[in-house]
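Worksheet: the structure to be examined is printed underneath.
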Amino acid sequence: MAGSKITTATSKTNNKWIASVASIWIQCTSGSLYTFPIYSSALKSSQGYDQSTLDTVTVFKDFGANAGILSGVLYSSVAPSTAAVNGGGGHGRPWVVLAAGAVQCFAGYLLMWLAVVGVLHRPPVPVVCLFMLLAAHGMSFFNTANVVTAVRNFPNYSGTAVGIMKGFLGLSGAILIQVYQTIFQNRPTSFLLMLALLPTFNSLLLMYFVRIFSTKDIDEKKHLDGFSAIALIVAAYLMAVIILEDSFTLPLSARIFILAVLVILIASPIFVAIKARHGDSLRFSRTALIEENQLSDDSDQLDAGTYVRRDPRGYDQVPDIADHETGISDTTVGWVENLNLLQAMHTGNFWFLFLAMACGMGTGLATLNNMSQIGGSLGYTNFETSTLVSLWSIWNFLGRFGAGYISDYFLNVKGWPRPSFMAITLAVMSIGHSVIASGLPGALYAGSVLVGVCYGSQWSLMPTIASEIFGVGHFGTIFNTITIACPVGSYIFSVRVIGYIYDKEASGKSNTCTGIHCFMLSFLVMASASFLGFCLALALFFRTRTFYKQVLFRRLRHSVRE
């Protein structure tokens, strides 16, 4: 019996880490959303669009990538929440969600490539918007499968797990651009074909490894830190490469070498999984007899290697905490049960979170979508614009990774609620927009750093806050509904603000605008919107601070008992 138990537990742990590695690798090619400026000029010129029309197409990109309600519903149907409660491993079929995303990604980008190269002669704007919507919608399926699986696999370190997944997604823009610059050498139409093929086949090859495992390991934080260290190394390497490429003209052989090293670094998380497997095999071997005695001495203990009662979200629950301490209210109801989408939407917390994200994510994405035109108006070359987009991926990663990791630390050690970090980053984002609006030399570089880091932070903080407040039972559907705030905000700020003002200032047949005035007013408006987001996040902080103290209290009590 003991031998069978050891084998089962060890197998679960192994698969859990392999699932994480597969998700990381899929995330590394799932960030085509952040590469739009690379091919936006080719799309604009081939189809004869003005800036407002191009921004309209970008809105469908944003809606497709962020309106992931269908991916959340599909995930809930193929990976029910009982897997996270009942123990065991290998539950659910998240690969179904990944397969659905791969089909959409391939079809959308392939059709867009055919339109740009002229095989499909200038399709109507709504048709191109449909192509873009389909391609980007596939990205939401990749993201949902990987992020929700990570939260379920690591419920006690959800902030770190989400930060890792979102961090590699943020880096994927720079990774894809490195592949593009090495293989296609500044041919944006070929880049569209690459986006149809690379993410699709990468996801199809790896999707069967992505599964839910409800085991809990002593060394989870240690191994997650290993993934985090690799992410930081990859980010530092990409930053060094981007600066090098911006300073020197590199021969093809050097670019191939740089790409080969990058591939090796991206492959290295597998060694963390191997180390986790070896360490857990030794641990289970040493503790098998103790576990058998525990099982025989306590009839209330659960099987499958889990000996504590768990709440519906998969968190360890301390059973003897007094009822008066639960403080059930609109702000703490998520602790008691898993809310479905309609129940969550009836709470004030949902709408505070939604509106704060519309201000933060919407203005951040509008900045990225118009990076090419902003750079052009300020006299930047195409290569410098590509550099800015690549660097954005680095800042985006630092925000995603850093916000998840740091907020986990301060929540578990200091008791700081996560919404406090959301408020801080939105305040800094407002400063970043103001810097860009100034139009001073180097302001676009400095401002994009602040906006990129803070934009990435929202993508790490929002899903984690949603899982904590509303539970993980319907997490995929709820957090994907909140992400709709991103394209809603992007539409308002890209089309109704940036596009409208740019076209009013543009002149000539090419519909171009040159000078600081092209975007100054737009970024002042977005600075004001980000400050509004700060106020909303601050209100969410005050509404949920009691809840976060209770979560911390339960975790600390459980840690003492162990």
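Note: Cβ is positioned from N, Cα and C throughout, glycine not excepted.
Over in TrEMBL, the protein carries these features:
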- 16-274: domain 'Nodulin-like' (DOMAIN)
- 95-119: transmembrane segment (TRANSMEM)
- 125-145: transmembrane segment (TRANSMEM)
- 157-179: transmembrane segment (TRANSMEM)
- 191-214: transmembrane segment (TRANSMEM)
- 226-244: transmembrane segment (TRANSMEM)
- 256-274: transmembrane segment (TRANSMEM)
- 334-548: domain 'NFD4 C-terminal' (DOMAIN)
- 350-368: transmembrane segment (TRANSMEM)
- 388-407: transmembrane segment (TRANSMEM)
- 443-466: transmembrane segment (TRANSMEM)
- 478-502: transmembrane segment (TRANSMEM)
- 514-542: transmembrane segment (TRANSMEM)
Can you work out the mean pLDDT of the predicted model over the domain 'Nodulin-like' (16-274)? 89
The transmembrane segment (226-244) in contact with the transmembrane segment (478-502), cutoff 8 A, at least 3 CB pairs, sep 6+: no
Cβ under 8 Å to the transmembrane segment (95-119), counting only same-chain residues 6 or more beyond its ends: which ones? 26, 32, 39, 42-43, 46-47, 64, 71, 74-75, 78, 128, 131-142, 144-145, 189, 192-193, 195-197, 199-201, 203-204, 206-208, 210-211
